Amino acid sequence: MARAAWGLLWLLLGSAGAQYEKYSFRGFPPEDLMPLAAAYGHALEQYEGESWRESARYLEAALRLHRLLRDSEAFCHANCSGPAPPAAAPPGPAPLGPDGGEEWARELRLFGHVLERAACLRRCKRSLPAFQVPYPPRQLLRDFQSRLPYQYLHYAQFKANRLEKAVAAAYTFLQRNPKHELTAKYLSYYRGLLDAADEPLTDLEAQPYEAVFLRAVKLYNSGDFRGSTEDMERALAEYLAVFARCLAGCEGAHEQVDFKDFYPAIADLFAESLQCKVDCEANLTPNVGGYFVEKFVATMYHYLQFAYYKLNDVRQAARSAASYMLFDPEDNVMQQNLVYYRFHRARWGLEEEDFQPREEARLYHNQTAELRELLDFAHMYLQSDDEMELEETEPSMEPEKPPSDAEFEGEGDYEESIYADWWQEPDAKGDEAEAAATMEVMNLIEQPIKVTEWQQTYTYDSGIHSGANTCVPSVSSKGLMEEDEACGRQYTLKKTTTYTQSVPPGQGDLEYQMSTTARAKRVREAMCPGVTGEDSSLLLATQVEGQTTNLQRLAEPSQLLKSAIVHLINYQDDAELATRALPELTKLLNDEDPVVVTKAAMIVNQLSKKEASRRALMGSPQLVAAVVRTMQNTSDLDTARCTTSILHNLSHHREGLLAIFKSGGIPALVRMLSSPVESVLFYAITTLHNLLLYQEGAKMAVRLADGLQKMVPLLNKNNPKFLAITTDCLQLLAYGNQESKLIILANGGPQALVQIMRNYSYEKLLWTTSRVLKVLSVCPSNKPAIVEAGGMQALGKHLTSNSPRLVQNCLWTLRNLSDVATKQEGLESVLKILVNQLSVDDVNVLTCATGTLSNLTCNNSKNKTLVTQNSGVEALIHAILRAGDKDDIAEPAVCALRHLTSRHPEAEMAQNSVRLNYGIPAIVKLLNQPNQWPLVKATIGLIRNLALCPANHAPLQEAAVIPRLVQLLVKAHQDAQRHVAAGTQQPYTDGVRMEEIVEGCTGALHILARDPMNRMEIFRLNTIPLFVQLLYSSVENIQRVAAGVLCELAQDKEAADAIDAEGASAPLMELLHSRNEGTATYAAAVLFRISEDKNPDYRKRVSVELTNSLFKHDPAAWEAAQSMIPMNEPYADDMDATYRPMYSSDVPMDPLEMHMDMDGDYPIDTYSDGLRPPYPTADHMLA
């Protein structure tokens, strides 16, 4: 009967795919048709408003609409992708010959086919429902491709009490994202609620070939090779059909964001389609048991090869083996199999054609390989031509895996937790304050102190302030007394105060209130007749002030023995009494009379205050469940206070935490957060705090019970210690969980937290609040909200605090927020403090201060001027000198100096200040390997800026900067050429491409060459052949800087002759037609220089060429150029008066993609400011 019931249940689970039951891309129900973006947006609005059923309904509708759009695109493009009919030659003159005269004809035929296909697509789409509504944005389609909607859907279904559908949706999401821990936990939790952990799961987006493939593998493993081959062939055919539809679907509508030329626009659209087609192979790879089947097509041929061999069909086995080798030619096993088949070819009558790959395998392999090659080609040759080529990047850091659900959000934007399960050591990058905090709390556990009253109206300490109630008993086999000595002892003298008494080893003042009862008196009289409490007081009264009498010293052992036995008797009696009373108390708590329930709760509350009886309570799941049930259902304030007090007392022990968790206490405690009674509120939040600290699974349970939605409004309370506990709970819940961060944002958390930082002075509250802000500062959605709420100013207010841990948290948070605060006003005091912090020797402080200054001075002239005027240049140079080999300090410091030395009123002052503070030798030294490439790139940019100041040329020359730049240039160019020769895409080295180093070094040498002595040194290093070779580069910026440095070198006659001898005339003539007017101008100047000694006919040809190309639309400019560089006069000594400098203007930052918008007539040749991005965040998933 039970099995039948579960079968029905999982039949319902299988029907969770009902969102596609009305699906048909030809006859989609008109009432369900709506824009995908509108349906999904409405679903998320309902999700945010906690309208779970409505959200789930629209999420399912959005999924149907996405499938409708996807299949409609694939249908139309498949129908319109047939071979083009042969076209007649277009009208016009006869072909011009083999030199490309037919190129125009081929182009017309190509675009004729494109127009025919476009007409076909237009006809097809006109008749399908999916294209009658607006097309969704590109990013939205990517979200559906990654199954992101199912992450919302499973939670909405769960909250709507549809567990079967929640299981199916969570499982569907995990099939595409198997490493998403949070969703895996949700799935496990849902299945645990259904108690059906062994039942099969349904993937709502499963492709038809996946089930067939799994069945074929099972048949193979069972020895049914014939059935296996039939199913595997079917799976292969179905996969190839789905793959073809995926390729066709990639040719759908694409967004055009920028205005571009005709061919670049087509190339961009084609590259985007290529990327989608290459991704089809990965997106269609099935997930089996949480792991993707790598090389899926090859795997199917592997199974076919062996199965056919077992069926004695060696011909098909050999062809399957050859097909497999297309995808994995290095597989030794398959190589041996092919050798075996060839060796016995005569025995099986095999021909040479039987060792060729199957036709569909060859076609699939060639198609995927060519798609990847073409995509690599597109990536290589369709690079962005924006001017901001050099921007700050930081090397990624791989943290060790923390013991809890901790994570690093990204490079630099990281979180850290001092609370791991059972007081694990913190695992964080350099946050010594967090480690110190952990040790502080552990010391409080090991050395209990007397805890003052929490507040006049509150009676207990949560443990976050003193550690008094956060002691976790040992789980070893030690006796009771050992545990007491390890944790200290707590004895309640009054209802309003809790005391924790420290006991030296071997001693113990156990004469507390219970030892004065009649039972204890009888024990004393039995052990020591005639010695009563009054006698003890008489003994003590005989003590001479400041001395101990012999009688007292002799009495100590007996007093200690008496106290120990009294304590043992009382402990045993309390435990026995509680154990006997538990069944009756449980019954009374479940009574219908509220008065009886209140009295019972009071009794249990008193028992929970004593250790022995408390342990008995923890051992009774029935009683703990009754307390939780009573707390959840009562409307009586006294009952609520007693029940929350009971759970609070139990939460001081691991067994108590587990009992509360298993009894469903977390949802009940979350409900109590709405209580108007302050003591109830405090008991609830401190109990939840202990659960979050120590109980595994508590975090997810609090999230599922909407605990965050209840906790964030509590930030409006005005009790500092209560707020400290609440903010610590928020930190524990938000750390490593993107959904929690967004919930905090939606409930106004950033504004409330900033308000706390602004208005309070209680150090523990400021510390816990700064930890929450640090966690939120890695969330892209929370960062703008924190900054807009005045977070930068509020955090900067505490940079001068006496608390090192608070200062470090504020610094890291500022560092994380600084990339979105570049336009913030009112940061003058923060910038001044950051400059002062550069004199500190602490590595973390220096890392944060330099990184924040680097971001805040990026493209902000006001901030640059302020930092420069407050001795920021000197402080940054000293930081670099002290950094040594620490790139985390040196790189942002160099980037900040690079910003300060360009494009603001005090830039020249900063350039001189670097020299006057002896910074040039230290900066040039950073060019040496093995420094990281990001640091080298930033240093090159800074040297280029320093070279703009003529007074810096001599110190730079003395520091041997030119040989080092040339050495780096040669090394980077050789590395780049190796990849070009190999036909591979230039890889990133620590986030830097070698082309960027080539461009940077050449640009720096260009500026340095304005000095005659530097020009001579550059020429003597035999650099002209390399510069001429760079004129052939496919990167426009490299062509420009190479032409620029040659323009400077050509001022000297010997160098001009060398340039001509290297054959520079041909590429320079080509560059006259460059779209970059700066490049063309430089090329024209060099050609004039090298033509001065030529015969008049040659010079006339050059003049005509320049007239017809460079200045054909502006004769006046040509006349100016002729007068600017006299044809018959000797070489001028200085080119600066002839060509305006290309590094003078400031360039505004594009807030979206951080590219540079060029102003003026000529492109600006500059190392522009670049934001140091918040180390990239990976934590973007939502549940």
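Each residue, glycine too, has its Cβ placed from N, Cα and C.
What TrEMBL says about this one:
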COMPBIAS  387-397  compositional bias 'Acidic residues'
DOMAIN    35-345  domain 'Leprecan-like alpha-helical'
REPEAT    580-618  repeat 'ARM'
REPEAT    622-665  repeat 'ARM'
REPEAT    664-706  repeat 'ARM'
REPEAT    706-748  repeat 'ARM'
REPEAT    748-791  repeat 'ARM'
REPEAT    829-871  repeat 'ARM'
REPEAT    871-913  repeat 'ARM'
REPEAT    918-961  repeat 'ARM'
REPEAT    1022-1064  repeat 'ARM'
SIGNAL    1-18  signal peptide
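Here the repeat 'ARM' (622-665) has Cβ contacts under 8 Å with residues 460, 463, 469-473, 475, 582, 585-586, 589-590, 594, 597-598, 601-602, 604-605, 608-609, 614-615, 671-672, 675, 677, 679-680, 683-684, 686-687, 690-691, 694-695, 697-698, 701 of the same chain, all six or more residues outside its ends. Residue counts of the repeat 'ARM' (748-791) by helix, strand and coil are 33 helix, 0 strand, 11 coil (DSSP-based). The predicted model assigns the repeat 'ARM' (918-961) a mean pLDDT of 90. Using DSSP to sort the residues of the repeat 'ARM' (829-871) gives these counts of helix, strand and coil: 32 helix, 0 strand, 11 coil. In terms of DSSP secondary structure, the repeat 'ARM' (1022-1064) contains 30 helix, 0 strand, 13 coil.
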